[in-house]
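S.K.: Annotation comment: TrEMBL describes CYS51-CYS375, CYS248-CYS263 as disulfide bond.
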Amino acid sequence: FFIVTISLFASTFASFCHWNSGCPYKYFASKTSYNAIRGDIRDSLVVLKGCEPVSIWGLFRHGKRYPSTRFGKSMNEALAIREDILTSYAKGHSSLCAQDIEDLDAWVADKKMFDSATELTPEGHEEMYGIGKRIRHTFNNVLEKLDKYTFRPAYGKWIEDSAKAFLKGFNNDKLHVEKALPESDVMAPYLTCGKYQKDVQKNPNIYAESEKYKKTSEYLATKDRIQRRTGIDYELTDTNVTALYDLCRHTWSGVESKLSPWCALFTKDDLQVLEYIQDLRSYNRNGYGTEQSEIFGQIPLADLLRSFQKVKEGDGKKMTAYFTHATMLDMVYTSLGLFKDNKPLSSTNRDRDRKWRSSANSAFSVNLVAVLNRCTKEDEIDYNVVFYLNEEPIRAICADGTCTWKEFEEKLTPFLNTKIDFCEFKSEPY
């Protein structure tokens, strides 16, 4: 009661204005813009004396896309709330700033956001094109004459379009994207696993912790702040809050650094609370909250090991790139033991310093890239592997950020025998 009362008092006299906040909060869980969290591999490349890159393997999430039909419908219905917010402000019941109200009033919906469900957006195209261009520039010696390669997307038009945008960054018309396989073998094996779809993907109990969190004082205080900030005279439902949050995060432009007037409805604290709900969902569906996640994550990692072993034997590919979903990246993190908190994420304690943050790990266009280096020292040839996440080196997989070949092989060899025979039956990917 004390927490809620304080939040209501603070909200009533808030002077926060979104339009000139200077440093707005831009982390929206899995709908975060890639530009908000990425590095630049051209600057962060690990250069090792006597070594040269000889092969690149990468797992890439698709670029920013329009919302699914279900979420698009809720967002479209929530647009009616805008008129109520404007009316409330005119009556002096809202604590929103004048410029934020003006921007919200002038906002025009992108028709494609509701009519082109799940399609890749122009921003998503730009994200993937930029990644391809930077990788091509950084590893020019390997990729200039690219004869042996794989660019393969998982099933889904927006993923295929992401792969094509990535490849466009190579500026080489002779390269091509492979046709997506219905079984989504390496990039998304969970999609056609009947048992996983039944027990996890379509099981509402998986989201129990996020639903419990919506009953905590922390979430209720956030909901009430939004209510008072908008000043509307009817009670917002959880569905309303989610839809308004989705309007905020889907209409934010990371490429153009353009604010969304819908985000003015939320304070930074509100956005962090809503972000945590998404973290609870991804943690329990894709990450450490589900045992099957670790098994599925081992499949692409086994492919990585085989790919680099073939290169060592003189018969591998210079570039292997798979394009997939955030779910697959989350599963790979779990297999590698990345972003694992000491305690499981729960509804009772939002750890502000938690490692599992979908805004950083599962944003649009996130990518995990491994680079095989061949090193020559005193006429002896050896190999090592450097991992990059979102174009920054990862130092958590191997102690100094660079895995010796022995470390790399020992870490991934157990994954070669991974089986998913527990799936029982196949299901259609969509």
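One-based numbering along the chain as shown.
Just so you know, glycine gets a Cβ as well, placed from its N, Cα and C.
Keep in mind that what you see is a predicted model, and the values were worked out from it rather than measured.
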S.K.: Under a criterion of Cβ-Cβ distance under 8 Å and sequence separation of at least 6, what residues of the same chain contact CYS263 (disulfide bond)?
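M.R.: Once residues fewer than 6 apart are set aside, CYS263 (disulfide bond) is near HIS18, PRO24, TYR25, CYS248, ARG249, TRP252, LEU271.
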S.K.: Within 10 Å of its Cβ, which one of these disulfide-bonded residues (CYS51, CYS375) has the largest number of other Cβ atoms?
M.R.: CYS51
S.K.: Within 10 Å of the Cβ of CYS248 (disulfide bond), how many other Cβ atoms are there?
M.R.: 23
